[in-house]
Amino acid sequence: MKYDVLIIGSGPGGYVTAIRASQLGFKTAVVEKENLGGICLNWGCIPTKALLKSAQVYDYLKHVDEYGLKAEAIDKDFEAVIKRSRGVAEGMSKGVQFLMKKNKIDIIDGFGKVKPGKKVDVTDKDGKVTEYSADNIIIATGARSRELPSLPQDGKKVIGYREAMSLPTQPKSMIVVGSGAIGVEFAHFYNSMGTDVTVVEFMPTIVPVEDKDVSKQMERSFKKAGIKVMTSSSVESVDTSGDGVKATVKTKKGEEILEADIVLSAVGIKTNIENIGLEDVGIITDRDKILVNDWYQTNIPGYYAIGDVTPGPALAHVASAEGITCVEKIAGLHTEAIDYGNIPGCTYATPEIASVGLTEDQAKEAGYELKIGKFPFSASGKAKAAGTPDGFVKVIFDAKYGEWLGCHMIGAGVTDMIAEAVLGRKLETTGHEVLKAIHPHPTMSEAVMEAVADAYDEVIHL
Ligand SMILES: Cc1cc2nc3c(=O)[nH]c(=O)nc-3n(C[C@H](O)[C@H](O)[C@H](O)COP(=O)(O)OP(=O)(O)OC[C@H]3O[C@@H](n4cnc5c(N)ncnc54)[C@H](O)[C@@H]3O)c2cc1C
């Protein structure tokens with residue numbers, strides 16, 4: 001069977017690429033070995049947000065008296081919380097199935113392996129191999145939880161993110177290793193549900209890729225919520241021979257033994273590049289990633305790669321954007337290359353974190369003279385009314401030309417606010433233009449305008 005475009009993997013990279021390819025008139029197929037929608041819909045972005053919503057509702061209920069309300073016998077049903085999350089994921093996967101049908105995209109069930117001569121072998125669950133060929137083969141096989149040699153995952157006491165979002169019973173205590181977005185989201189979820197959580201982070205701050213002010217605020221908020229945070233610390237080994245887990249943690253002050261029911265390893269991802277035929281075709285990889293150019297072409301003509309399997313931020317919106325760019329280029333459209341300096345990153349704990357562009361340290365290192373503004377939500381009427389005054393918006397401008405270099409937010413709902421900074425930066429706006437764009441009152445988004453005003457010494461509500 002011959003296709004114009006054949007994609008291996010149906011995550012937000014693969015399925016979005018397939019839809020765009022079909023819109024462009026290509027005869028398109030997607031090969032998938034598991035569930036349509038990939039990690040994002042089934043084991044990542046969406047089911048975690050469903051869990052976090054349950055945590056948020058539960059947190060509201062626990063503090064209902066602060067809103068002048070009364071509720072009795074507040075409790076949780078952990079199994080039902082997990083079931084809801086799995087149900088949301090299942091529904092989303094079915095939605096992708098509908099979209100494939102609507103766009104006349106063939107779904108091929110099985111494990112795809114590229115071969116020379118623009119061919120792909122697909123092995124189905126019964127072991128039957130079928131050969132397909134395509135003018136353009138796009139590899140979008142994504143990634144899985146990374147295992148550290150000191151922290152081998154047994155799926156029961158030392159777990160990865162898949163187990164963490166489908167545990168049959170709630171652990172009483174949990175050690176979360178790694179404080180990137182995944183670690184922090186699970187730490188918040190389990191803490192809200194009543195698990196005793198300790199976060200162990202190798203770097204000197206939690207959420208270490210964020211601006212230092214954001215990291216500090218997150219640590220304050222976590223500690224206030226009762227989460228123990230150990231920075232500049234690393235888990236050296238785990239002993240799972242007893243009832244729970246004993247983790248040996250190296251800290252600045254020496255070694256400490258932590259005990260917990262479960263250890264969640266959230267130390268990053270490992271790409272799915274094994275046994276997919278890369279060596280047979282001669283496709284070059286480097287440090288676990290498939291190397292591509294601006295248009296996602298590998299070194300072998302006709303073979304492309306997008307999403308987590310390539311270098312760059314491992315995010316769903318990046319995978320989708322890369323796939324769209326890739327097929328638009330194949331179709332001969334004058335599409336723009338992706339600007340990796342303008343990609344928003346979000347963490348959906350409480351408080352939420354959202355950022356884009358350079359941090360203060362990065363901007364200083366790049367030699368810019370800076371104008372920095374900051375507006376705390378404690379001065380925002382909307383945040384006060386909502387009972388969510390923690391956090392701030394911080395904006396960073398180049399003093400000379402007014403370029404908006406970075407925007408960093410922490411607080412309630414900021415993941416929905418960061419798009420303003422992404423769009424502003426895309427349109428090369430200046431601080432004064434943002435200031436003169438009237439923001440509605442009362443909203444959390446006013447904090448962006450006020451932070452910009454603060455950078456230019458025109459802030460009103462501080
Ligand atoms: C817990 C968690 C939370 C996350 N939250 C967010 C978030 O909030 N926002 C965000 O932007 N990102 C988030 N991410 C990251 C996001 O899920 C990934 O960046 C995104 O899914 C990558 O998309 P992809 O298409 O490259 O690969 P994937 O989504 O990994 O999809 C790859 C697909 O390929 C299939 N596959 C692999 N090998 C083969 C083969 N040989 N043959 C056939 N099929 C194959 C897999 O089964 C899978 O379905 C999260 C990740 C995790 C783990």
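Cβ from N, Cα, C; glycine included.
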Glu147, Glu163, Glu201, Glu210: which one does TrEMBL list with Gly178, Ser179, Gly180, Ala181, Ile182, Gly183, Val184, Glu185, Gly268 for the NAD(+) site?
Glu201
Have a look at TrEMBL and say which candidate in Cys45, Cys326 forms the disulphide with Cys40.
Cys45
With the Cβ under 6 Å from ligand 1 as the test, give me the qualifying entries from the recorded positions Cys40, Val184, His441.
Cys40
Cα distance (Å, whole number) from Lys49 (FAD binding site) to Cys40 (disulfide bond):
11
Just name the most isolated of the binding-site residues Gly178, Gly180, going by other Cβ atoms within 10 Å of its Cβ.
Gly180
Express the distance between the Cα positions of Gly112 (FAD binding site) and Gly180 (NAD(+) binding site) as a whole number of Å.
31
For Gly112 (FAD binding site), just give me the three-state DSSP call.
strand
Are there any residues in the same chain, six or more apart in sequence, whose C-beta is under 8 angstroms from the C-beta of Ile182 (NAD(+) binding site), and if so which?
Thr48, Tyr161, Ala266
Under 8 Å between C-beta atoms and at least six apart in sequence, can you list the same-chain neighbours of Lys49 (FAD binding site), or say none if there are none?
Tyr348
Near His441 (active site, proton acceptor), which residues of its chain come within a Cβ-Cβ distance under 8 Å, counting only those 6 or more away in sequence?
Gly381
